[in-house]
Amino acid sequence: MSSGVAARCDAKKLVRSPSGLRMVPEHRAFGSPFGLEEPQWVPDKECPRCMQCDAKFDFITRKHHCRRCGKCFCDRCCSQKVPLRRMCFVDPVRQCADCALVSHREAEFYDKQLKVLVSGATFLVTFGDSEKPETMVCRLSNNQRCLILDGDSHHEIEIAHVCTVQILTEGFTPGAGSTRATGMFLQYTVPGAEAAAQLRLMAGEDASGSKRQAAAWLAAMHKATKLLYESRDQ
């Protein structure tokens with residue numbers, strides 16, 4: 001992709017919605033696959049009372065809409081202003097207690113795990129039915145739209161085309177707290193192909209530092225997968 005085309009794909013614009021200022025892509029198709037659309041606000045006439053504590057709205061008890069779920073709350077139940085990066089808000093926005101908790105948890109992904117994904121890690125990568133793995137660095141592109149694999153060959157997989165992600169583990173019973181991520185199985189569609197393609201990433205057995213980096217990358221990818229599925233289910 002030429003630098004000019006890439007710049008147009010990554011271009012953003014500042015828009016004002018009823019919820020606040022948002023920095024969104026010029027073209028919707030080039031948005032982050034982890035993003036969420038703004039919710040439809042519950043109409044004022046349909047919520048005469050707070051949807052949390054049931055307080056009746058009047059001149060003193062004012063009505064507020066949560067910017068994440070769109071429901072109506074009183075000030076006491078919707079007083080927190082929290083960053084909401086999945087909807088591209090420039091400033092922290094008003095959210096109800098439940099939504100604020102979710103947004104706080106997502107902030108860790110954007111502040112820490114996203115940086116791990118973009119930095120990348122080294123894996124042994126096997127494409128399709130090949131029996132020979134290739135040592136490659138796998139990372140998330142800066143615009144969050146592609147997985148980039150670099151080694152003797154170069155591959156880019158659009159996140160939007162990923163259909164299955166399975167984190168591979170080793171250890172004792174899953175959920176017992178003693179397993180560790182060792183790899184990832186990925187299925188994705190290829191434009192023009194009937195069947196889905198697949199690849200397997202496995203952490204190498206070389207330097208311990210490289211293994212730790214790979215484990216951190218896999219943990220971050222596990223969180224990213226959850227956000228990806230949430231965005232698709234919206």
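Think of each number as a place in line: the chain as shown, counted from 1.
Glycine is treated like the rest: Cβ placed from N, Cα and C.
These come from Swiss-Prot:
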ZN_FING   44-104  zinc finger
BINDING   Cys50, Cys53, Cys74, Cys77  Zn(2+) 1 binding site
BINDING   Cys66, Cys69, Cys96, Cys99  Zn(2+) 2 binding site
REGION    107-234  region 'PH-like'
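Location within the structure of each feature annotated in Swiss-Prot.
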residue	record	Cβ contacts under 8 Å, 6 or more apart
Cys50	Zn(2+) 1 binding site	Lys56, Phe57, Thr61, Lys63, Cys72, Phe73, Cys74, Cys77
Cys53	Zn(2+) 1 binding site	Cys74, Arg76, Cys77
Cys66	Zn(2+) 2 binding site	Phe73, Cys78, Arg94, Gln95, Cys96, Cys99
Cys69	Zn(2+) 2 binding site	Pro39, Cys96, Asp98, Cys99
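Here the region 'PH-like' (107-234) has, by DSSP, the following mix of helix, strand and coil residues: 42 helix, 49 strand, 37 coil.
For the zinc finger (44-104), DSSP puts the residue distribution at 14 helix, 13 strand, 34 coil. Sequence-ordered, the extra residues of this chain that approach the Zn(2+) 2 site, with Cβ no more than 8 Å from the Cβ center of Cys66, Cys69, Cys96, Cys99, are Arg67, Arg68, Gly70, Lys71, Phe73, Cys78, Gln95, Ala97, Asp98, Ala100. Cβ crowding, taken as the number of other Cβ atoms within 10 Å, peaks at Cys96 among the binding-site residues Cys74, Cys96. Of all the binding-site residues listed here (Cys77, Cys99), it is Cys77 whose C-beta has the fewest other C-beta atoms within 10 angstroms.
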